């Protein structure tokens, strides 16, 4: 057996595979785009030449390109957040929703749809809702002393999630069943159909701010998996590190969910696969999870826009693919945890 | 370095587990002896600053623990918890490397020299052959020794070990105690808890008896560990004597029919 610490395995084969997949997905969809079209459009964009076919150009640059970027970015973000939370909460069954970020974001978006607000405001409301929900959970968790801080956070998350869920249900009942309710339902299942380049630019700062600390503390996160007291005796200021990690993972999740709606299972299943491939060391687990998460959501999004006459919501597909896979993981014993 | 508890009362919430504890750790091997559930672990956690004392203070080099940064504290005092399961299958080397956290810059990963130190610690404890094995797949005894290696990687002056021999088989118990002696001879002050008085006789320079929330005696093993003291702690009658060729005195129960059936 080789030493994991001394010889980190290379990530570039995954990255190349991902790039090829992204390129290929530019060609897949309702409107036929040939590889030569893609080549022409790209060359045209580089040299600023007028496009040969305006429709093809629009499909490539305004529809598929932002959509693929969003799938890559959101898949990577959800997987990164999931890997972080699984380490932080010492539980492989944890997903980025553990502290209520998705339910908070949902309440914000659902409220926005109910009040018929503009799309950009709905997205902002969703983002703020996600941050507020986790903020409330963290505040409650910190106020309760003399208990295991990690367990307290999880339980506070359950309680806040229930209250937020009640709010969402209330709005669904009050919403217009012909116009608003379908929009709400669709949002709660996640979709990249209407993502624009503007949306992607609007969440980039949040993704960057959230991902940087995860990379900076990539080794120290390993120590958090030992539990609060043990990490403290090894010299970690666990309160501060936990706050930083929760804030970072929440930021990237809330930003992602704000433009895509709720996409489940990515943040739960992908870190497992990554752990099976490269082991639990967060230095390799984080980048591997991100590449796999990006690839997974890209594939799911290709399916979403090509398997049926209508667009299939992503949440339906991620659950339909993710859950059986997860059961297989449990049954096969190929688990990266005890 | 000197770790001192002064008039220390401690416990969880309202219930006191220990009170008026005075103890100073400054060299040698100190063995904290007490029955199961007496509060030895709670005392250690309080002395590590993991629990806030109800009363009294803990100081390291005369400075209260609350004024120490976690990182600086971890460079001085290392803790060996009871061998436990780690959730994710880190290699043994990765687990030992975690002991370097207080000496690795915040945003960095362990350097080559950190890895060399971790490997040297494994080597000192005769665990090198397990370095690349998942920590989750080695035996309980091996885990306990790996945790000692991790504590050594902290390069501490003081080592606090919580029942390091609990749940180990006979051979591993003696092996761990012999490591304890070696570490003390290398200048590390060791404090360990045990509920087995023979272990105190085997490795301690000093024994503290923890009974009914207080330290009732502290001193050289030969002075403190009397048959009367063991009767008080555990409610059983024993004889203490030395076998020809043994390193330390041995404790043997008196014949069962005289004692156990009557109860303490």
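Note that Cβ sites are derived from N, Cα and C of the backbone, with glycine treated the same way.
Caution: TrEMBL annotation is automatic and unverified by curators.
Feature list (source: TrEMBL):
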type	residues	note
TRANSMEM	A:12-31	transmembrane segment
TRANSMEM	A:43-61	transmembrane segment
TRANSMEM	A:68-89	transmembrane segment
TRANSMEM	A:109-138	transmembrane segment
TRANSMEM	A:150-175	transmembrane segment
TRANSMEM	A:195-217	transmembrane segment
TRANSMEM	A:243-270	transmembrane segment
TRANSMEM	A:282-300	transmembrane segment
TRANSMEM	A:312-331	transmembrane segment
Checklist entry - Hey, would you say the transmembrane segment (A:150-175) packs against the transmembrane segment (A:109-138), going by three or more CB pairs under 8 A that are 6+ residues apart? => result yes
Next on the checklist: Would you say the transmembrane segment (A:68-89) and the transmembrane segment (A:195-217) are touching, if the rule is that at least three C-beta pairs must lie under 8 angstroms and be 6 or more residues apart?
Outcome noted: yes
Item to check | Long-range neighbours of the transmembrane segment (A:12-31), counting only residues six or more past its ends (CB under 8 A) | outcome: 38, 55-56, 59-60, 63-65, 68, 71-72, 288, 291-292, 294-295, 298-299, 301-302, 305-306
